[in-house]
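Visitor: Checked TrEMBL, it gives:
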{"type": "TRANSMEM", "residues": "B:33-55", "note": "transmembrane segment"}
{"type": "DOMAIN", "residues": "B:109-199", "note": "domain 'Cytochrome c'"}
{"type": "BINDING", "residues": "B:122, B:125, B:126, B:264", "note": "heme c 1 binding site"}
{"type": "BINDING", "residues": "B:174, B:219, B:222, B:223", "note": "heme c 2 binding site"}
{"type": "DOMAIN", "residues": "B:206-287", "note": "domain 'Cytochrome c'"}
């Protein structure tokens, strides 16, 4: 590249000091159309429909559980996702999902570069949405720039107020939708409008409305360039075989208009490159960069410049793909005159396959765990102080805190029994010690951990022993669990 | 250093002029909104220093206009917690202790409140698990000196055991049979033999047979003919497996010779009535609690038939 023509270099003689701050350059992307624009439309529609629609899906779980398909019930510490219900102690499933999301991003980034940034990131989706609002209300790029530079006449004030009102409405819908994931959506909506919802619902809506309004409406690409750590991380995860949006400078340079090219041809000089310097790639860029300067932090690889360039190339009858998804390695190959690697070979290479293997392995392991997890659980905590109690007739009593966990959404009749304690019997703090026996019948309420005080008692002459507490479901699904614990007596306790 | 400033070719941005092993720093300007945020945080910090305690002096810091202090915040939180508990405490205060068991909510609250109060006031003697120690009764078992129903436990807690100055305190005074010369040392040994026989620790012997007669004459009036104890006078049961001081020969000899006078404070004059009720509920819940004795009307009805 010819550096002498770069306007920034006029400061080489220090005649112009760099200021402490940089005024933000406005970005007014032109509307565009093309395969990538349509892909972005589709992904945006999908993301927004999923975001707004999910809390309203119903899912019948019977009378003892909420009927919302996806619900994060923080108050009762349950996470519902269709037929999966997760308890706090099963939070590793969520951790697993997060790890899968992380590795999924590694996978996507190493294969197709910053695809997350360009298509699916909420900042991108909502910025895109707000930029469409700009174009609908203010007109396309040139009209927007004109209005921006225009004085604050009543007409401009009215138009700005209207546009910011639309921003605010979208932001309110965005912030307001979030809370429905945390409570029954229809009920919460009624409460929300009648002013009876929890204060945290209003606070969350207010905060998220503000952040959407501010980040989507005004900060936009500044979030990607200055605030977000992810572009830095992704930049580090890209390698020379990742697909990135690339300007093929070997094909495009030196750039010049069709007229200039014809003129040079007449003069018998070296021909110009394919780039006609129409600046359409800059005009459509949502972050306001010039992709022809090479890969840069501001490029979210949304590929809108590919659409714009392809259109320009078609207009002047040159082949498409002057700007295209391309790898650095292929760029070097093509410059050397070799053929580029086929796209499939680029995507399916050891690095991406390893990422996919790890990602899929975790997924399969979680599915297996999900299928084999038990919904009935017993835990027994033996009293440590006192370890044992001597009773009048010489019997020895040990106290236990027993927890029966029924993770099904219905009450379950179970038996709690002991096995392997010679002469022993159990009773609870709610029954007479005289009724102690080896098997107790208990009804565990739906979706609950029932906590019981259970005493094991052994007649005079008791010896320390290891024994089992067992729980067995009596309903037709069945299921059981057991815990080995100890019975302590004076023997072996220094007495 | 300024002379080292140059324009970086790849980015077209000026460097700051420092160089570390070939690594240079670009002098990219900050975005203006970032600066605004920075200035706003300075303004906020100044306001914060005015409103909250901030600037340290020799002995204390500036007070701040809001009057906030960490001690004040704690006091406020404690007050809030007390206010939260006030309702249920009032309910417990209004409920007779023997009726606590009939209200599940009050009983649970009482037991948990008692658990906390026990840790503060009782563990010094009775132990963290209420298992007691030599001379301090185990509260988990089914053996009670004065009775194990909740009202009796409450009475014992309220007035203590041998608490000087409390007219209703639990008072039992076993004579010091040996020290006061009521029994000779040989007779004391005979009584000890008898007690160890009725508690199943020894086989009958000549000594225990002599002791049985001495027991009937001197001890049975309080401890009962078979050593079954007497709760109305706080006389321990002697024919069971539980010993407050110990059931071996030496300890029993010591007990019969000098008697024992354990003391428990009257908690009624130290703690508020609700806490004493809570403690009674907690002690009653430890596994040895007894049902309330049949109401006095029942025998009368039986007599009428």
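Backbone N, Cα and C atoms are what each Cβ position is placed from, and that goes for glycine too.
Nobody curates TrEMBL annotations by hand; they come from automatic prediction.
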Visitor: Check each residue in the chain of residue B:122 (heme c 1 binding site) that is at least six apart in sequence and keep those whose C-beta is under 8 Å from its C-beta; list them in sequence order.
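Guide: Sequence-distant Cβ neighbours: B:130, B:279.
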Visitor: Please tell me which one of the binding-site residues listed here (B:125, B:126, B:264) sits closest to residue B:174 (heme c 2 binding site), measuring Cα to Cα?
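Guide: Closest by Cα distance to residue B:174 (heme c 2 binding site) among the binding-site residues B:125, B:126, B:264: B:264.
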Visitor: Which of the three DSSP states, helix, strand or coil, fits residue B:122 (heme c 1 binding site)?
Guide: coil
Visitor: If you draw a 10 Å sphere around the Cβ of residue B:125 (heme c 1 binding site), how many other Cβ atoms fall inside it, taking every protein chain shown into account?
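Guide: I count 15 other Cβ atoms within 10 Å of it.
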Visitor: What does DSSP say about residue B:222 (heme c 2 binding site): helix, strand or coil?
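Guide: The three-state answer is helix.
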Visitor: Grab the heme c 2 binding residues from the record (B:174, B:219, B:222, B:223) and give me their largest CA-CA distance in Å.
Guide: 10
Visitor: Tell me, roughly as an integer, the mean pLDDT over the domain 'Cytochrome c' (B:109-199).
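Guide: A mean pLDDT of 95 is what the model gives the domain 'Cytochrome c' (B:109-199).
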Visitor: Across the domain 'Cytochrome c' (B:109-199), what are the DSSP residue counts per state (helix, strand, coil)?
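Guide: Grouping H, G, I as helix and E, B as strand yields 41 helix, 5 strand, 45 coil.
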Visitor: Take the mean position of the Cβ atoms of B:174, B:219, B:222, B:223, the recorded heme c 2 site. Which other residues of that chain put their Cβ within 8 Å of it?
Guide: B:218, B:220, B:221, B:230, B:235
Visitor: How long is the line from the C-alpha of residue B:125 (heme c 1 binding site) to the C-alpha of residue B:222 (heme c 2 binding site), rounded to the nearest angstrom?
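Guide: Per the Cα atoms, residue B:125 (heme c 1 binding site) and residue B:222 (heme c 2 binding site) stand 26 Å apart.
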Visitor: Measuring Cα to Cα, how far is residue B:219 (heme c 2 binding site) from residue B:126 (heme c 1 binding site) in Å?
Guide: 28
Visitor: Cα-Cα separation of residue B:223 (heme c 2 binding site) and residue B:264 (heme c 1 binding site), in Å?
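Guide: It is 21 Å, counting Cα to Cα.
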Visitor: What does the structure give for the C-alpha distance between residue B:222 (heme c 2 binding site) and residue B:264 (heme c 1 binding site)? Integer Å is fine.
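Guide: Just about 21 Å between their Cα atoms.
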Visitor: Within 8 Å of the centroid of the Cβ atoms of B:122, B:125, B:126, B:264, which other residues of that chain place their own Cβ, given that this set defines the recorded heme c 1 site?
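Guide: Once B:122, B:125, B:126, B:264 are set aside, the remaining close residues are B:121, B:123, B:124, B:132, B:136.
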Visitor: When you measure from the Cβ of residue B:126 (heme c 1 binding site), which residues in the chain that are at least 6 apart have a Cβ under 8 Å away?
Guide: B:118, B:132, B:133, B:136, B:137, B:138, B:139
Visitor: Give me the long-range Cβ neighbours of residue B:264 (heme c 1 binding site): same chain, 6+ apart, Cβ under 8 Å, in sequence order.
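Guide: For residue B:264 (heme c 1 binding site), the qualifying residues are B:125, B:156, B:160, B:161, B:162, B:163, B:170.
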Visitor: Determine the most Cβ-crowded residue among the binding-site residues B:174, B:219, B:222, using a 10 Å radius around each Cβ and all protein chains in the structure.
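Guide: Answer by Cβ density within 10 Å: B:219.
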